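Working notes, structure below.
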Amino acid sequence: MYELIVQTHFDAAHYLRDYPGDCARVHGHTWQVEVTLVGRQLDDLGMLIDFKEVKKAVKAICDQLDHRMINEHDYFQQRNPTAENLSFYFYHELAGWLKEHHPHVRVGTVRIWESPRASICYRADDDISA
């Protein structure tokens with residue numbers, strides 16, 4: 001199994017609705033994004049998928065949020081823009097892109113860092129019940 005990892009970041013503000021603390025006020029982060037793609041099959045060039053394509057796909061998602069108020073994004077109108085919900089959003093956006101363009105590759109994980117010492121990682125697993 002191959003794992004391809006790309007990292008990037010974006011800057012955006014948000015606030016958490018109904019949160020009993022400081023995060024209920026507007027504040028910003030430099031959000032770090034780490035995406036792991038996995039697969040077994042290499043292409044004719046010996047690549048799982050071209051890094052350039054992955055970076056472009058991840059950047060397209062970041063560009064929807066960069067230097068914006070995340071709460072105003074359609075997906076977050078009814079969801080709190082937590083790091084957890086951001087990781088889920090990135091995961092599913094990338095999964096849709098891969099299904100269309102590179103069906104032999106899947107998203108392994110998406111890790112979102114809201115600070116240098118705090119992150120969340122989303123991984124789809126049907127065997128886990130919350």
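Backbone N, Cα and C define each Cβ position, glycine as well.
What TrEMBL records for this protein:
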type	residues	note
BINDING	His14, His27, His29	Zn(2+) binding site
ACT_SITE	Cys23	active site, proton acceptor
ACT_SITE	His67	active site, charge relay system
ACT_SITE	Glu114	active site, charge relay system
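Of the binding-site residues His14, His29, His14 has the largest number of other Cβ atoms within 10 Å of its own Cβ. Sequence-distant neighbours of His27 (Zn(2+) binding site) (same chain, 6+ residues apart, CB-CB distance under 8 A): Ala13, His14, Tyr15. Across the structure, His67 (active site, charge relay system) and Glu114 (active site, charge relay system) place their CA atoms 15 angstrom apart. Taking Cβ-Cβ distances under 8 Å and a sequence separation of 6 or more, the neighbours of Cys23 (active site, proton acceptor) in its chain are Tyr15, Leu16.
The record gives His14, His27, His29 for Zn(2+). Within 8 Å of the mean position of their Cβ atoms, the other Cβ atoms in that chain belong to Ala12, Ala13, Tyr15, Cys23, Val26, Gly28, Ile70, Pro81, Glu114. Counting only residues at least six positions away in the same chain, the Cβ atoms of His29, Trp31, Ala83 sit under 8 Å from the Cβ of Glu114 (active site, charge relay system). In the three-state DSSP classification, His67 (active site, charge relay system) falls within coil. Every protein chain shown contributes to the tally, and the Cβ of His67 (active site, charge relay system) ends up with 10 other Cβ atoms within 10 Å.
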